[in-house]
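Here Swiss-Prot flags L121, G125, H126, L127 as (6S)-5,6,7,8-tetrahydrofolate binding site. What Swiss-Prot lists as N6-(pyridoxal phosphate)lysine is K230. Annotation comment: Swiss-Prot describes H229 as site 'Plays an important role in substrate specificity', evidence class sequence analysis.
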Amino acid sequence: MPGLFERQLKHDSVIAGAIAREMGRQRSEIELIASENIVSPAVLAAQGSVMTNKYAEGYPGHRYYGGCQYVDLVEAAAIERAGMLFDASFVNVQPHSGAQANGAVMLALLKPGDTFMGLSLAAGGHLTHGARPTMSGKWFNAVQYGVRESDCLIDYDELEVKAIATRPKLIITGGSAYPRLIDFKRIRAIADSVGAAMMVDMAHFAGLVAGGVHPNPVEIADIVTTTTHKTLRGPRGGMILTNNQDVAKKVNSAVFPGLQGGPLMHVIAAKAVALGEALEDNFRQYARQMVANARALASALTERGYDIVSGGTDTHLILVDLRSKGVSGKDAEEALGRAGLTCNKNGIPFDPAPPAVTSGIRLGTPAATSRGFREAEFNEVGALIANVLDALGTEQSGEQERRARMSVHDLCAAFPIYSARH
């Protein structure tokens with residue numbers, strides 16, 4: 001995809017070379033990391049635009065710098081489009097990331113030392129939901145809830161017992177490796193019973209909500225955060241939504257000046273483009289296909305004897321428990337990488353292995369679905385994964401990885417990215 005900016009990079013061979021090789025990697029490998037996707041050329045163009053030159057502290061119509069009339073149009077468009085997508089009366093599109101969005105909510109609603117609850121990282125939550133090494137785990141009294149060992153589904157009874165015992169000011173739900181629908185109404189009832197606010201982090205499934213294949217938490221929670229990449233297929237960034245005007249005022253102040261200075265206007269421009277794309281009818285089909293593909297992949301692996309955490313998926317991701325195969329997540333990630341299948345090692349609930357090793361892998365469908373993969377292709381991908389991992393540690397390992405790599409090459413050639421067919 002050569003263009004003006006690529007040509008300009010010829011004067012910096014180090015960066016130009018790295019970008020070219022990364023483009024080659026993305027074109028020639030099947031991306032199965034659940035948090036990654038393939039943005040459109042329009043999103044790339046917006047993020048690489050002159051909007052990056054503009055400082056714009058403040059909000060549309062209320063900036064601390066002159067010359068903001070055009071960035072105001074861009075940010076207003078992003079806000080309007082997000083509000084339409086998620087039925088939200090208030091949207092802040094300035095957070096630089098999902099972690100920044102979550103931090104802004106905590107700054108808005110909590111004081112240091114306050115108690116809040118979040119799904120534990122070990123159960124599929126996110127670092128920012130109270131993991132000890134993070135700001136959320138150090139500045140606040142973070143009480144973690146988990147999943148049942150019997151089925152790896154959220155233990156709502158445990159959540160309720162802990163909420164009654166600790167009286168949190170905020171209950172957070174959502175996660176980074178939880179493949180099932182969450183009972184938002186049950187958590188809302190628990191939060192109401194103890195006087196807590198409810199926050200949903202929909203970073204992973206925002207695109208599914210936008211596409212109408214997942215319940216909309218904005219209708220239930222006091223406040224919702226998300227990233228704009230992953231299933232939403234936009235640039236890397238964050239966003240906060242609510243229909244509670246009291247919360248909205250606190251959030252705006254928490255984002256700026258509380259947590260951030262100038263917003264990244266080139267990224268907000270790209271967010272606006274991606275949100276516009278998500279309003280189109282074909283995005284709804286894309287969302288449906290992500291879920292159908294994830295279920296096809298889960299079924300293909302189950303047929304080959306692989307254990308899928310929780311028994312399946314309702315979303316774009318699956319978590320594979322490799323213990324019965326005697327393979328670590330680390331070794332699986334490396335072997336699949338050699339075969340051109342990019343994924344990440346991931347802890348499973350009640351994982352006996354350390355985080356740098358893990359007993360599982362996380363697989364997602366957003367990027368390959370953007371390439372055009374459907375169920376048939378994901379059935380093939382599931383077979384390739386099983387072939388590689390079944391042979392791992394045997395004398396057939398190298399040959400299976402080579403064969404898988406050839407199949408990956410053929411699939412990528414049939415479904416190219418950033419070409420005339422994209």
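FYI, residue positions are counted from 1 along the chain as it appears here.
Every residue, even glycine, has its Cβ placed from backbone N, Cα and C.
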Does DSSP give L127 ((6S)-5,6,7,8-tetrahydrofolate binding site) helix, strand or coil?
helix
How long is the line from the C-alpha of H229 (site 'Plays an important role in substrate specificity') to the C-alpha of H126 ((6S)-5,6,7,8-tetrahydrofolate binding site), rounded to the nearest angstrom?
16
In sequence order, which residues at least six apart in the same chain have a CB under 8 Å from the CB of L121 ((6S)-5,6,7,8-tetrahydrofolate binding site)?
L127, H129, A131, S176, G347
Applying the rule Cβ within 8 Å of the centroid of the Cβ atoms of L121, G125, H126, L127, what extra residues of the same chain belong around the (6S)-5,6,7,8-tetrahydrofolate site?
G118, L119, S120, G124, T128, H129, G130, A131, G175, S176
Cα of H126 ((6S)-5,6,7,8-tetrahydrofolate binding site) to Cα of the residue listed as 'N6-(pyridoxal phosphate)lysine', in Å and rounded, measures 14
Sequence gap of 6 or more, C-beta under 8 Å: which same-chain residues meet both conditions with respect to K230 (N6-(pyridoxal phosphate)lysine)?
A34, S35, E36, N37, A203, H204, A206, G207, P366
